[in-house]
Every structure is written in C-alpha cells, then in structure tokens.
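Annotated features, as they stand in TrEMBL:
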- 3-81: domain 'Inhibitor I9' (DOMAIN)
- 107-557: domain 'Peptidase S8/S53' (DOMAIN)
- Asp116: active site, charge relay system (ACT_SITE)
- His173: active site, charge relay system (ACT_SITE)
- 338-425: domain 'PA' (DOMAIN)
- Ser512: active site, charge relay system (ACT_SITE)
- 629-731: domain 'Subtilisin-like protease fibronectin type-III' (DOMAIN)
Amino acid sequence: MQVYIVHVQKPDSTSFRRFKDRKEWYASFLPNTTLDSGKPRMVYAYRQAISGFAAWLTSQEVEAMKSTDGVLVAYPDSEYDAQTTYTPEFLGLNAWEDGVWYDSQYGAGQIIGVIDTGFKPGHPSFRDTDVNPPPETWNGSCYWKHSVCNNKLIGAVGYKHGRTVSPEDKNGHGTHTASTAAGNFVDDAHVLGMARGTASGTAPKAHLAIYKVLHITKTASTGTVVKALVSDTLRGIDEAIRNHVNVLSMSLGLEKQRLHADSIAIGSYAAITKGIVPVAAAANAGPFASVIANDAPWILTVGASTTDRRIRAIVKLGNGMELFGETAYQPEGFNSTQLPLVYPGVRKTQKTLNCLNGSMDTFDVKGKIVLCGVGHITNIEKGEIVKAAGGAAMILMNQPWNGNTTFSEPHVIPTAHVSFSDAWKIITYFNSTPNGTAAITFNGTQYGVQPSPSVAYFSSRGPSLMNGNIIKPDVIAPGVNILAAWPFEVGPKPNHTLPPTTHTFNFESGTSMATPHVAGIVAMLKNNHPDWSPAAIKSAIMTTAYTVDVNGKPIGDDSKPMGTPASAYAMGSGHVDPTAANNPGLIYDLHHQDYIHYLCGMGFTDKQVEAIGRGKVQCSKVRAISPEQLNYPSIAVYLSANTTEVTVNRTVTNVGDAVTSYEVKYDEPEGVRVEVTPDMLEFSRAGQMKDFRVKLSIKPGSPTVRMAGQVVEGQMAWSSGKYYVRSPIVVTMQ
C-alpha cells in the first residue's frame, strides 16, 4: 500500500458550499475512510492546485477506482529533488530613479510564494524594515502566529506526509532561495569575509510566503539528501494559490515527467488561471541533453548562468605555471610556499580519483597538497577527508563534463577549485615531474572576470522529450556562487548555536539559485504592469533576454571549450535583462485555454487533459494545435526529406509606444530558408494585435537534410529602432 494522487472531475450538477462538502465527496471514492491501523486513508484534500486528493491505496484499489465515474487519472506519490551582495547589480538593478527597482517600488505589495525547505526565523534578510503591510487579498497564516512572521515574511507553513509541520529550515536551501527572491537589504553581508557588501533579494520590498515541502532524508545508500513528496508539493502549491500569492518560486522538480502526471505542471496550470506566474528550476542534470524538469509551456523555466565575480585562489605549480581557481575559505595564516603534491588518483579507482573515504590509506599526505577529482560526494566532504588524513590543502579538479564552472565554497582546509582545462595541466605536470610541488595563494574577491555570463555546466538542457519540442529552458539567470542568507555559520569552525547575523550567508550554485532571481523580476514586472497575463510577463522576459556577453561575443557554454557558444537548448532565449523586460515593445500573449488546444494537439486523452485543466474537455471538439503553433515567444520545428517546410503562426500585441513600425530581421539556420509574412508591422494604438507567419523550409541542395538529428539554429526579431523583440529559431532534422 502506498499514497496515490487521484484526479477527479466534479459532476456539473454538483456544487460545494463548504470545503467540508468537497472533502466528503473525495472520501466517497475511497473503499473506506480508515486503514486497519486506524490511520486515515486521506492524506490531503486539494481545492486549488487540482481537483482531487492524495490517499493511501493498494494498486488493486486504484485499478478498481479508475472505472468509477468521475475518476480521471491516478498515479503513485513520488519524490522531487531540490534542484546576493552582487547579483542585483549584475542584473542592472540600482536605486536610481530611472531604474526598474525604483519604478516597481522594489516589488512592494507583491507576494512571492516559495515552495522549498522553509526558512530560518530571525535571519536579518527577513526583517521588515521599510516593508509595507501585506495587501488585503492575502489569505495565509503563520505557523508561529505573530512571534516570527512580519510584514516581510507574511506567512509560513510546512507539510510532510499529510501533516502540518514547522517551516523552519534545517538545510539552508529554502532560506537561500527565499532571500534571493525578496530578502531585505543587509549591510556587511559576507561569507568568511569574502564578497563583503550589502545583500538583498531581486525584489527586496516584496512579501514572502513560505511553504516547506522539501525535507532532509537520510538513507544508507545516498546519505543525506533533500526530497519532496509529490503530495506535499501539491499541498504547498494548493495553499499558495488559496492564499493569493502573485508569484510561485519553485526550486524543485524531476526530469522527464509527462505533463498529465507532473504535479508541478498541473499545480502551475491552476496557478496561471488565477493570474499567478509559476517560475521553476530547469534542474541540475547538465550538461547532458534532454534531462530538463518543469518544461510545461505555461511555466517560466530557468537555467543557470555565471557572473563576473570570482572568489580567487591561485595555484602556482613548481614549474612556475599559475592557474586560477576559487574558494570561499581563505585563511590569512596559510603557508603559501611550495608543498609536495599527492594524487591518490594514480590508483585509477573511483575511490582514489574522487578522494572518497579510505582513498588515502596507502598515501602519505601529511603536510602536502592533495589532488582530488570532483564527484560522488560534496566538495566540502572531500576536504574533511583530506584534513582527517593530515593533508595541508586540496586542489579540486573538474571532470571533463564540469568544464569551466568552479565553485567558491566554504571549505574546511585551504582549497583551490580549478576548471577541467587547468586540471589537465596540473595532472600533466604531476605525471611528468617527479616530486612535483605547488603553492596556493589567495586573492580575495575579484570582479570583471571574463567571459561573462556563460551557461553553467550543470544547468539542464533541452530538447524536452515531453512538451513537443518547445524550447526549454526559457531563459538563464545567475545561478553560480550566489551569496544569500543561510541558517547557520559555515566554514572550518562553524557555531550552529549562534543566532543568524550578517555573516550567516553562504555561496550556493544551481538552477535553484537562478529561479528566485527571475521570480523577483516577475514581482517587479507585475507591479509595473498589473494587467499583464502570466504569458505576457514570460514573453517580456524572453524576448528581451540578451545572447552576447560583456565583450559582445556569444554567451558561452561552460561545459565545452572556452568560447563555444551556448545553444538555445542550453540558454533558451538568453540571459534575463530586467530593465529591457520592463518595456519590451511587443508581447506574445496566451490565455490559459490556449494550452488546452495544445494539450489536445499533443495527443493527450480527454481525461488527461481534464486532470490538468480541471474542467470538462472533449478533444474531438477542440481545435487542436501542434506544439509549434502555440503562440510562444520562441520557435522550434522539425523538418525532413518528407516535410521540407513548416509554417508557424504568431500573434504579437503592442505594449510599447502607440504609433510604432516594426521591421523583421532574421538570421537563417544553416540550410534553412526563413520567410516572414508580412515583413513589416504597423501599430497605431497600444493593445493592438497583429498576426504574422514564419515559413521555414529546407534550401534546395542543402546537405543538412541528409543528416537526421542535426540541429541548426537561427533567430528572428521585430525591430523598431527603439524596441528589439527577439525569438530564437531551432530546426531539428528528422
């Protein structure tokens, strides 16, 4: 017996005056209301995220239930994975009167619902200094009543296995993401003295509502991990919608989930019908293709990028070669003279290559610098193992797939984390030099490091295997070495009993960290454009994203050799630009009902579509559309020897200057002809809509058509001189 999520369709003749009536109707689908142990069968009764419930059932009971009138779909409960002193500045946010921060009142009045591991009460990032009371629409509650919550953190609750639990964060993930989205200003924030400055969230005057669904789990095989049950996650989303949040920030998910069985996708659909913008992490399964999470087209899916800040450590080899790495722990008294190098990886086992427990038993590492490959356990755990063995310091070496992404972590011994290309240089030196040596020196916080930004190696890539090849992620945002609030001290000698202060911050990396940056941007846009739909806000963010770095070169992919451009399946439409998104000129809008046409076109059954849309659907009577015909701000199509051309239809709405002319500009994918009709759009008023068509066809004689699986990219944009509304184009050959 296990917990199942059951979606049900209410008869047209039935209405519920009270939530109690709905629960009783849900209970009518169960064999009985209690188990033999006396435990209630019903785990959760949902009212907003889905029409349905979570309950303890056997597989036989579920099969019998599926034949009951009103039951749509049922599936087992499962687990989701958990996937800043500087990043607001990096995003172009400032306090000047011509900035988005000022225009949007720093997100004041908007409520960001954070679905995560909870938060740390008392942290200075959650003080309510200069934060207004919550809007009258707020309908939430606080686990601690009034002793912890305030005008900044207006609500907090936790859910676990059908119970309401404390939302206090025991892990750090939720504290970090919440403060990244809307943490208040904190002066003198730092991590072990590094990156010292004023920390704040992207929308520092917005309100936070916390829904703890991710919990620490310990197993013999995986150790300590953070997981969320689908049923708990749905309950958190359900409550957030009921509480009238404006934005959902969700740094959790699971890759390769079919939309009708993905509770984050289903809950997010319910959210957009209420005007709530769901923002979710793309996952951290990169750099491998097609392992992306939260890929429903109504979700704003976020990948991770680097910034130009590095917490610098310098490795100087015995031959004089200097290599740059990173670390947050930079002790002043460390002896930076040349020390002997030890590489347990010469044994060529997984244990020795990655400095796992027992890997140094046959090596003399006392007073030496140990070379360790990244992987299998955390980088900080590797340092603890080296320290326990007597090692003086550690050089962390990226694997090929880790590429150029390095982390500034609060290590327990002097450390330098280096890229794969530099790791290769170190190994080459070690193998060719008997008694090789190295020194590690520290250079503190450095800005202006190039290239920047780039796509982090771990950021999940498309193409999606579940959404019909709609390009995901939608955008990238800062997600590497993000400084934000943390529940407790970090570093070699942390004191976990002290209350949070300005030094209880930490650097964290992941699409989890990128997501709340975008959630904060959404909050600001909703303040400035209260009449925009969730799709309009997403469009504004996507079509104004930039695709070149600060040097004017294409944004790179950290998982590949330096200078390799990132694909649209790695960065989506590009890197977020809050200032440009605030005034995009044109938007590609969608009503939530448009997604029903898309779902029917995807081949979902009536019951599966009803489970997502929570209403009666007959796909045979719906004008079904193929995925590329959804009015999305990006374009992806399939071409082949049999299908040599595809025409996609799009509609744009003028949200810029009333009288404006736009001219189309495009870069053709290799071997593909692009024809846009019309090639000029003339607007005479705000809110005016214009249709256009994009015909994509294989050029005669192009060799590309013979290469099945080949992916070629281009772009198109509507340009007025003031506005530049860009869409990536991806063509996959079949």
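Cβ coordinates are placed from backbone N, Cα and C, and glycine is handled just like the others.
Around His173 (active site, charge relay system), taking its Cβ as the centre, 25 other Cβ atoms fall within 10 Å, counting all chains. Secondary structure of the domain 'PA' (338-425) per DSSP (helix as H, G, I; strand as E, B; remaining residues coil): 27 helix, 20 strand, 41 coil. His173 (active site, charge relay system) and Asp116 (active site, charge relay system) have their C-alpha atoms 7 Å apart, to the nearest angstrom. Spatially close to Ser512 (active site, charge relay system) yet at least six residues away along the chain are Ala82, Gln83, His173, His176, Thr177, Ser251, Leu252, Ala281, Asn284, Gly479, judged by Cβ distances under 8 angstroms. Packing around Asp116 (active site, charge relay system) is summarised by its Cβ count: 32 other Cβ atoms lie within 10 angstroms of its Cβ, all protein chains included. Helix, strand and coil content of the domain 'Subtilisin-like protease fibronectin type-III' (629-731), in residues and according to DSSP, is 5 helix, 60 strand, 38 coil. Mean pLDDT for the domain 'Peptidase S8/S53' (107-557) in this predicted model: 94.
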